[in-house]
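Heads up: the structure comes next, in structure tokens.
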Amino acid sequence: VKMKYQASMICCLMFFLGIECSHYKSKVHIKDGDKLQHPEGKLKTGRIQEKCQGPCIMASNCSQPCAQHFRGEIGFTCHQNKWQKSTETCTSLSVETLFKDFSSASRLSLAASSVPVHVLDFRAPEPVESVAQGILRNCPIDYACILDVVKSSEATSGNIAFIVELLRNISTDLSDNVTQEKMKSYSEVANHILDTAAISNWAFIPDKNTSSDLLQSVNLFARQLRVHNESENLADELFIQAKGLRINHNTSEKKFNFSASMNSTTEGILGMIEIPRQELWKLSPNASQAISIAFPTLGAILEEVRSQNVSLPRPVNGLVLSVILPEGLKQVLFTFEKINKSRNARAQCVGWHSRKRRWDENACETTLEITNRVKCLCNYTNMVMSFSILMSPKSIDNKVLYYITCVGLSISILSLILCLIIEALVWSRVVVTEMSYLRHVCIVNIAVSLLIANVWFIINSNFHKKAQDSKWCVALTFFSHFFYLSLFFWMFFKALLIIYGILVVFRRMMKSRLMAIGFAVGYGCPLVIAGTTVAVTVPEKGYMRPDACWLNWDNTKALLAFAIPALVIVAVNLVVVLVVAVNTQRPSIGSSKSQDLAIIMRISKNVAILTPLLGLTWGFGVATLIEGTSLIFHIIFALLNAFQGFFILLFGTIMDHKIRDALRMRMSLLKGRTRVAENASLSPTNGSKLMNRRR
């Protein structure tokens, strides 16, 4: 069974439709005449997985039988011209198989050494009418007689549904005298179907209320337990924990602390339940008790049936905590640690309404939320006694933004390629002076950096879901970081050239030295920053964010290694534009305006156009980080970023009259050569030669 559990996810549905299934709806209070034999050990193969034969017509259904030793069937639905599994009722469990070993033992105990074997009566004993009858007959103290059979069974969808019905029968028929021993056995049975390996199979149970039935059954059974000590651990399984406290009206504030793991290898997710002092005052003088249960994987199980849910399109982002309190207590404080700790993963406190079988948004209110934890104040009632937090990302999921990004990046990439082609065509004609040479070196490197950065961005967006926590994801993040920084540092070098052209008139540096400084600033500084960020954060696993191949923010603030240099450079470029605007209005030094001043003017014009564009882009980017920002800011931010390559082509290349003149000359030369070639081919001399050859 392939595990599909995910800790962190974005916008999923988690409600259940009330689909009835006659195979599981009735209780297990039936005579079980099946002679199904349960193989030894835990089954590994399970069900037949072959798809249905024949044509797949939209919305049509079919079924296949289960494998040997299983009864039931697997249902398939035709979706997009392919058969996809929709339901499964394969089960190897029955009332008879639960108590089969005990029945065999009772028959063998009749034998005596003095009685010949052929005299013994091996007829089947009186059949077990129900689970309750079998438990009362074979293990009335602790339910241990059913543990081995349940825990050795494969967690198929059919077996999960059977075990949930089994637990519900125990909760309704055998909860009159619940002890710690019984609670421990009960929890072991529930733990088997709450395992992460079984999560994906919950989605194929026909009755979509099965997970809700499990939660309600566990709460009902635990309610009947009596806590004798001041504090007791009632159950301590990997996927279900239960604790009990003795309380009264004189008790100070009481707390339940849990640390439950999603599987055997991950660290525990924290959860805490607090009963406020003012609530405890409402209790009578007689001693009372409080019981709490923690479910680390139940939220993922609820998410598995999200396709049937039309209520809340968000996954659970923490433990599911149940609390059982005496009458009179109405409010409880919960503290949940987030599974997905992304900065954008906002939380909403909710309570599970057992009658409506859905999350109730009105049951709780959020009192405190930080990056990794949420505190909730919840109203406790008999109908709402289980609580959790839903993930509600604030990121904008808008089709307009999606299309702007896709179209803009495509146009930018084509524009940058065209920009580089044009620069190659006119290079020898436009780099006639030192300043023009350096200016075009900057334009080319800005175009190259942005082109590669955009390509990496597209790869990242399609790759991060498969590459998280991999070396490939580290490489993608590093190169994206490096080339985006290179873009800003080459823009910064352009600003330095402008200041150099204005302030330094008589003593000029050699072109080779300026080129060395340019490449050191444009590529050296980004390499140092990106390399240092990797070296510092990768050992702590804080380089990438959990939901994408990009710099982490929540844990190590690695994103600052990009944001701070970019914003500082944008600010410096804006200042340079102001300096240029002031200085170009003054008379130039010397008797006349030199050619260098004209070059500086042209460079200043281009920087004055490009730099505000960069400044506005990141200015609107800061605005989008503020909660409640209008969608128009997100649209402007997407437009300015996605079409940045087009702006470079337009303002840095096409609007430069020298480049346009060089292109015209290039085109005229090409046309001239073509005409010369045509005239040469049609000249009389060539014609006579051609006639002579024919002769």
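Placed from the backbone N, Cα and C atoms, the Cβ positions cover glycine too.
TrEMBL labels come from automatic prediction, so no person has curated them.
Given the structure is predicted, the values throughout are model-derived calculations rather than measurements.
According to TrEMBL, the feature signal peptide maps to 1-21. Sequence annotations record features per position, and here TrEMBL assigns domain 'GAIN-B' to 248-397. The annotation transmembrane segment is assigned in TrEMBL to 400-425, 437-459, 479-505, 517-538, 558-582, 603-626, 632-655. Per TrEMBL, domain 'G-protein coupled receptors family 2 profile 2' is recorded for 401-656.
Distant neighbours of the transmembrane segment (400-425): 440, 443-444, 447-448, 450-451, 454-455, 457-458, 634-635, 638-639, 641-646, 648-650, 652-653, 659, 662-663, 666; these residues of the same chain sit at least 6 beyond its ends, with a Cβ under 8 Å from one of its Cβ atoms. Among the stretches 437-459, 517-538, 558-582, the one making the largest number of Cβ pairs under 8 Å with the transmembrane segment (479-505) is 437-459. Taken residue by residue, the domain 'GAIN-B' (248-397) breaks down under DSSP into 17 helix, 70 strand, 63 coil.
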